[in-house]
Amino acid sequence: MADWVTGKVTKVQNWTDALFSLTVHAPVLPFTAGQFTKLGLEIDGERVQRAYSYVNSPDNPDLEFYLVTVPDGKLSPRLAALKPGDEVQVVSEAAGFFVLDEVPHCETLWMLATGTAIGPYLSILQLGKDLDRFKNLVLVHAARYAADLSYLPLMQELEKRYEGKLRIQTVVSRETAAGSLTGRIPALIESGELESTIGLPMNKETSHVMLCGNPQMVRDTQQLLKETRQMTKHLRRRPGHMTAEHYW
């Protein structure tokens with residue numbers, strides 16, 4: 001049984017009509033950057049719960065979550081309606097293996113995300129530990145519209161902080177936007193446009209690819225890299241070149 005603790009909302013940041021971030025104070029156990037927990041609310045006499053990744057660094061007591069409101073969802077519209085001072089239930093112990101401990105050494109670490117799945121990477125990069133073993137870091141955030149790139153300012157801050165080691169790139173699929181590539185991640189890899197824009201190759205000799213978000217993006221990218229680059233899924237018992245987390 002999960003141990004639930006009561007958290008208090010300290011901030012609600014509405015990015016768009018559908019995207020928002022919750023900041024919560026709660027007595028949770030220490031977690032590893034990249035992990036997730038569960039948020040819950042009592043609705044009609046039962047606890048409704050969903051898993052959400054931590055966006056904040058583990059050394060930051062402001063627990064931050066990046067969410068999308070599902071119009072007919074049972075929980076997300078209620079979470080979106082919370083105000084500072086409101087209570088929310090949080091599972092105290094985090095879970096998940098989408099962490100740097102599970103990533104083998106390589107020259108270039110590619111971190112590819114769609115939508116709200118940018119969260120785990122922001123936690124990892126804000127903490128900044130265990131990254132010395134990579135020569136290059138690449139963070140790619142794909143969304144439908146430029147307005148959905150909620151954490152671009154933080155991505156730009158991190159890019160400066162890493163002084164040339166971190167390269168960031170945004171992608172939009174439903175419009176063209178300055179500074180963003182247009183299309184979807186698998187197609188941009190297939191065409192070579194993503195690599196030429198970043199200026200680094202994505203291959204099994206130099207790279208490890210982390211994939212987080214839309215299951216279709218994850219599957220399509222894995223299939224493409226397997227077929228065209230001979231890259232394989234990374235398992236503890238059989239080291240490979242791709243680590244993934246589906247976001248629903």
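The backbone N, Cα and C atoms fix where each Cβ goes, glycine too.
Here the Cβ of Asn214 (NADP(+) binding site) has 20 other Cβ atoms within 10 Å, regardless of which shown protein chain they belong to. Look at Swiss-Prot and you will find Asp17, Ala143, Arg144, Ser173, Arg174, Arg184, Asn214, Pro215, Gln216, Asp220 tagged as NADP(+) binding site, backed by experimental evidence.
Annotation source Swiss-Prot lists FAD binding site at Arg50, Ala51, Tyr52, Ser53, Tyr66, Lys74, Leu75, Ser76, Thr116, Tyr247, Trp248, citing experimental evidence. Spatially close to Arg50 (FAD binding site) yet at least six residues away along the chain are Lys38, Leu39, Gly40, Leu75, Ser76, judged by Cβ distances under 8 angstroms. DSSP classifies Arg50 (FAD binding site) as strand under the three-state reduction.
For the domain 'FAD-binding FR-type' (2-101), the model gives a mean pLDDT of 98. Annotation comment: Swiss-Prot describes 2-101 as domain 'FAD-binding FR-type'.
Following the DSSP three-state reduction, the secondary structure of Tyr66 (FAD binding site) is strand. Note on the binding-site residues Arg144, Arg174: the fewest other CB atoms within 10 A surround the CB of Arg174. Comparing Cβ neighbour counts within 10 Å across the binding-site residues Thr116, Gln216, the minimum falls on Gln216. Thr116 (FAD binding site) sits 17 Å from Arg174 (NADP(+) binding site), taking the Cα positions as reference.
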